[in-house]
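Notes for the one structure printed next.
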Amino acid sequence: MGRRLKFLQKLAFLGQNHRYKALERDEVETLIDEQCELKAIEREKTVAALPPGEACKCSREELARAFHVDLDSGLSEFAVAQRRLVHGWNEFVTDNAEPVWKKYLDQFRNPLILLLLGSSVVSVLTKEYEDAVSIALAVLIVVTVGFIQEYRSEKSLEELTKLVPPECNCLRDGKLRHMLARDLVPGDIVSLSMGDRIPADIRLTEVTDLLVDESSFTGEVEPCGKTDSPLADGGDLSTLSNVVFMGTLVQCGKGQGVVIGTGEQSQFGEVFKMMRAEETPKTPLQKSMDKLGKQLTIFSFGIIGLLMLVGWVQGKPFLSMFTVGVSLAVAAIPEGLPIVVMVTLVLGVLRMAKKRVIVKKLPIVETLGCCNVICSDKTGTLTANEMTATQLVTSDGFHAEVSGVGYSGEGTVCLLPSKEVIKGFDNVSVGKLVEAGCVANNAVIRKNAVMGQPTEGALVVLAMKMNLGSIKDSYVRKKEIPFSSEQKWMAVRCGPKSEDGEDIYFMKGAFEEVIHHCSMYNNGGIPLPLTPQQKSYCQQEEKKMGSLGLRVLALASGPELGRLTFLGLVGIIDPPRAGVKEAVQVLSESGVSVKMVTGDALETALAIGRTIGLCNEKLKAMSGEEVEGTEQGALAARVRQVSVFFRTSPKHKVKIIKALQESGAIVAMTGDGVNDSVALKSADIGIAMGQTGTDVSKEAANMILVDDDFSAIMSAVEEGKGIFYNIKNFVRFQLSTSIAALSLITLSTVCNLPSPLNAMQILWVNIIMDGPPAQSLGVEPVDRDALRRPPRSVGDTILNRALILRVLMSAAVIIGGTLFIFWREIPANGTSTPRTTTMAFTCFVFFDLFNALSCRSQTKLIFEIGFFRNRMFLYSVLGSLLGQLAVIYAPPLQKVFQTENLSALDLLLLTGLASSVFILSELLKLWEKFLSRARPTQMLPEAV
């Protein structure tokens, strides 16, 4: 603006004085230069990033015009400076505007936490300082753990920034410079070579045998061959052969191109923006705890209101009744609940860690219990990400199948249908076919890993399975014609190493290209003329293998190109992981639907889907393009029936997950690539692969499978279901005990009767209620039958109707039994004695212990779950029992608790009466079992 103002002022001055002074030549030139510079600045500011779908259609000349760049000399420093003002640096900026202290305070925005804090304040006002400290400590522990989990989960954005390589080779002012990748702007000319990580989205203008590993971006395991020719149609990102994307890796060859998108304007920038905008959803357990907090709040205020009303009717002082009501309400709140929930979740996490599953966020453990949909990426998750040859067809009609997965060399080659295992050249036709694949090859297998292209590695392993792994050493390579995306084949010319002989060509590639170079076909080691009928037969076999989702390679050999002998076809696929098929079956039987969401083509996805039992006769598949074109509401209605989603981008995956969540599903997403990271974050449960997963996917996920074992999800689901039931067991015990204790005190207060329990006895009951017996219910081992149960509904709360009925039933039995003993032992004058309170007190404690025993399971009898299964529970109950006996019989404690000795008959009576709460609970379980058998067998809920 300063230059422009100066220029206009000078023009005005000259205009005023043109009659008196002629314009000097150097001034004219200066004005022209300044005017040109202003135009150049305006022009540079109009240069915009170009979407890959548009850039792929542009010719070299159109690209140069669009970005105002000379393809031979690159941008000038002046142009770069102006463009940076518009486009910024080529990097991702993480927004850390919210301070840490605010994030910590946000953890207190939880109804149960707020209720507990309120209880702590009331405890201080009523001078119950011990209660106040214990409640505050429990809240502090729970809040701190939650904060740490959330703080760690924000690292996924930081990991994504590591995908931008620190340096690159860029052409500027006619010179190739090694510079920081963050300096790139749209229009820069970047040079690429083998091993480079691509620094921005680039439209290629020059290519030499360029292969790019895009597996972290598209999910495709096979490297993509690249070209510099314009494309007629944009298509999806995985088909853009003349565009390379930020963060992907040059596997071989070299190239040069124009930067079309930097930073957040690149495709990885789109992923970054989606991850930044995506919020991790609340888990069902968090929602249940929130609801429980609200229910307990209503219950607490109900007690206060009821007592104040009764006190008002009886004419008692308002303040004293309010104080009693508040104290009882505080006592009713299970302050031990957050700690028990946390301990239960931590123990679940530790158990899962032993099964090689790492959980990063505690509530996620329980969320698995209500997961009813698992959306899984294909490559590296359902499959091993190890290309493997599975089928062979020779030119003379022999068919063979190959066993063994991966690059270990373990497995056999069997002729069909005889299942005869063949080695070496037992079958000449198969031997020659395998030999050609091994010799026309640049891959090396070392320590069960491939060095080179995965497809070539599969051919080397195939040779190893036939004891032909070293046959390549029998030849001396004299020439190589490398593979290119245009010709779709590669060939080598070799000579025998040990003896004089003629050179021979070995070729492999696409069938339609290889057959074009053949004039003969192999028939048991004898070359015969390649007739149209024979060619048609081979073409049909190639189509048949392709329809099974196999990558088909044709092989040939001969003295010269154009006179080769066709040898046959090899079918290669990335096979399913071991145990995946069984896991899918078990999950389906337990009401969990497994869906494949992949960037691969339909044929490949269906082949894997059929192999693992994902696809049935009513299979429905949906492309990423269809997902994008369908409105969210309509998509939510359709996704329930779809088993396979193919050709999907990161944006499509998120849309699919949102649609499933909208339809009421709890969705787990498994993945290993950067392209999965946004979906992993938006899903209710994000599951990343520990070995093959990228750092970005691991940080975005909240669960990691250390060994990449999909079947470990079964154990995780089982654990999640068991944990929720353990939490319900604890809540049932604590609420039934607290309601019974409160009711006894409330009834005695309202009816002007002596209290069955004194202050110290109530304190002892509270210790048992919140102490070891209660805590040990949270560590009950997971029920092995949990996996067979269908996923629980998201709407199911901890305090549901069935649990409330059980709580009220247990509380009623405890109240009735304790009042019976109190009434039986109270003297005729109605005054309470030490024996009266000792009997009532011991009766209540015994009821508590039997109630805890019945709360170990909501559905199974004690003999089914095993009396000695939870040893911590037994030790805690035994400790509580010994403590109670000490309170009764130890003279120092008798003075503190105002108790006296009881006879053996007294203890026998109390034990028999207290066991009624346990017996009644077991009878109720038997009755429910009888009713469930009487009803017709119900199907599991429809898989979502």
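Residue numbering: from 1, along the chain as shown.
Each residue, glycine too, has its Cβ placed from N, Cα and C.
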> If we trust Swiss-Prot, are ARG203 and SER266 on matching sides of the membrane?
Replying inline: no
>> If I count Cβ-Cβ pairs under 8 A between the transmembrane segment (836-853) and each of 803-823, 873-893, 904-924, which range comes out on top?
In response: 904-924
> Near ASP676 (Mg(2+) binding site), which of the recorded positions SER266, ASP377, ASN766 can be found within 10 Å, Cα to Cα?
Replying inline: ASP377
>> Six or more residues beyond either end and a Cβ under 8 Å away: which residues meet both conditions relative to the transmembrane segment (803-823)?
In response: 728, 731-732, 735-737, 739-740, 743-744, 747, 756, 836, 839-840, 843-844, 847-848, 851, 854, 858, 910, 913-914, 916-917, 920-921, 924
> Which of these recorded positions is closest to ASP377 (active site, 4-aspartylphosphate intermediate) if you go by CA atoms: SER266, ASP672, ASN766?
Replying inline: ASP672
> To the nearest whole angstrom, what is the C-alpha distance linking SER266 (phosphoserine) and ASN766 (Ca(2+) binding site)?
Replying inline: 61
> With DSSP helix as H/G/I and strand as E/B, how many residues of the topological domain 'Extracellular' (894-903) fall in helix, strand and coil?
Replying inline: 4 helix, 0 strand, 6 coil
>> Please report the Cα separation of ASP672 (Mg(2+) binding site) and ASN766 (Ca(2+) binding site) in Å, rounded to an integer.
In response: 49
> Minimum Cβ neighbour count within 10 Å among the recorded positions SER266, ASN766: which residue?
Replying inline: ASN766
> Among all the protein chains here, how many other CB atoms are within 10 A of the CB of ASP672 (Mg(2+) binding site)?
Replying inline: 29
> What's the most sparsely packed of the recorded positions ASP377, ASP676, counting other C-beta atoms within 10 A?
Replying inline: ASP377
